[in-house]
Amino acid sequence: MTAVSAFVESNSAWIGLAILALVFAAFLSERLAPVTIALTGASVMLAFGYLPRSELQAVFGNPAPVTIGAMFVLSAALVRTGVIEALASIATRRAERTPKRSITELLGGTFFASALVNNTPVVIVLAPIVRRIAAVAGSSAQRLLIPLSYLSIMGGSLTLLGSSTNLIVDGVAQRAGEAPFGIFELTGIGLIAAGAGIGTLLLLGRWLLPDNDGPMDRSGARPIEERYLTRIQIGAASPWVGRSLKSIGGLQRSGVRLLAVRRSGHLTRNPDPTFELAAGDELVVAADQAELLGLSEELGADLGLAKREIANSPDDRVVEASIGPSHPAIGQQLTDIPFLNRSGARVLGVSRPRHLPGPTLETVRVRPADQLLIRCPPEAAADIRDNVNLIDIDEPDIRPYRRYKAPIAIATMFAIIALAALQVAPIDLLAILGVTLVLFTRCIDPEEAWHAIEGNVIVLIFGMLAIGLGLQGAGTVDLIVDAVEPALTILPIFLVLILVYALTSFLTEVVTNNAVAVIMTPIVIDLANSVGVDTRALLLVVMFGASASFATPIGYQTNTIVYATGGYRFVDFLKIGLPMNIVVGLATCIAIWWIYV
């Protein structure tokens, strides 16, 4: 054995502690991506021999990353089938009548939805809805987006499925020989913590939440979605014949706005909701891209404008293209565009910078930079790409909602929750079966499912799991426990809970919640055995502490999302987040102490 090898082995605990300190310092510096830091730390543990190859294989057998990846897919299936959008649409319509009540309902819906599905897509979908509702209510969106994130965090603490942090702590604890947590085992404590957090927001939010109008706060605009002008022709066989406008679900969605109805050559703007449609009517509609594509799937040749009426085909491609500055059809109507006459293409809609063209699709005069959304056969799509008079040609990433699959997606999610609660099978197995079902029934396509899985999050978790095992192998966990044990054994158990929670919460604010959960879990398991505290109590403290990131925009992903879209300053999170950390932390520790001690 060389001198270097002997030194590495004899000082393994301290070297492991140094590696941990360097990993945390790298997270704080933000010079490297978190996933790079985690993989580097894991590689160092392997190189030093603190993580044997046999133990490395156990990392990939941990159920937490598998379950988290499956939940990403299941959450994406709910988005793809329009479930989340439908709830948001209801809230938006109600906001026009009772805006303050609608805000309350939307935030409450965020809270409970985050208990059942991954909260990241929930916040991504609802953030622009909150902005629109804020505009209707005459409020600043900045006063609502931080509460949106906070409620999603607190909602995620209600169940084992609600947060990746919960699943990681449970997975690491199971590997250490602890019994698995029940899916609703956290609910009682989560409700107490959430009650304290919501109370803090209500009492202090008036003074501590920012009230600055960002550049789009009061515009009511959909910041990431363009509106397209289109038309819907009501044929004799249309299912909409004889129905009132208000009874047609496709016209009530938040991304669709009915502008006018043409009947017998007469154009009626803003028609009465009780107006009944008849064969031959033409609807003038503005819709965002996702809803426009959905209407195209639903209505086929009755939507948009074409020179030749050709039924939709499964092989059709959707292409978006902008009119170039030298296009020969500039100043003419859409039907005068040459490629429409020869390719069998259909213009689904036209969008114009800063305002809608009009008044109807067939009367639009083409201008430079007009953006067309076109449905066409594959060979026509190739011709469009080769057209020198069209620019910015691409196939849109947005997909139409598959609302007819929504019952399957909803039933799958509730079945997973129910079967996990009844302990019929492990949660990771149920989640994988759920993913299989939503893929088999085409609630979501395979490529969408793989895209929905946030690979950087999964790899980060694997890397941190490897570092955690390396710390145990190096003896660093025992070193830390031995160092703090004498002080903690003389403290009341409640103070032990407070200190563990405070440390976990602080590390989460400056690093990442998943990394902290992996590191703290084995430490508190050993600590519980040493100081005589129920292991489950300390595991719950870590679960809640690693999710309770309120004071910075970097500790939890939903905070980062609203930080980026809301025009906040870093200090905006500190002002309301520090009181939230203190109040929610105290409430959590009191609840855990009351139940488990």
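Even glycines carry a Cβ here, placed using N, Cα and C.
Copied over from TrEMBL, here are the features:
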type	residues	note
TRANSMEM	12-28	transmembrane segment
TRANSMEM	35-52	transmembrane segment
TRANSMEM	64-91	transmembrane segment
TRANSMEM	148-169	transmembrane segment
TRANSMEM	189-209	transmembrane segment
DOMAIN	217-302	domain 'RCK C-terminal'
DOMAIN	305-390	domain 'RCK C-terminal'
TRANSMEM	408-440	transmembrane segment
TRANSMEM	452-471	transmembrane segment
TRANSMEM	483-504	transmembrane segment
TRANSMEM	537-556	transmembrane segment
TRANSMEM	576-596	transmembrane segment
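Across the domain 'RCK C-terminal' (217-302), the model assigns an average pLDDT of 81. In terms of DSSP helix, strand and coil, the domain 'RCK C-terminal' (305-390) has 20 helix, 23 strand, 43 coil. Long-range contacts of the transmembrane segment (408-440) within the same chain, counting only residues at least 6 positions beyond its ends with a Cβ under 8 Å from a Cβ of the stretch, are 63-64, 66-67, 70-71, 73-74, 77-78, 80-81, 83, 116-117, 159-161, 167, 180, 182-184, 446, 449.
Contact check: the transmembrane segment (35-52) against the transmembrane segment (452-471) gives at least three Cβ pairs closer than 8 Å, residues 6 or more apart, which meets the contact criterion.
Across the domain 'RCK C-terminal' (217-302), DSSP classifies residues as 20 helix, 28 strand, 38 coil.
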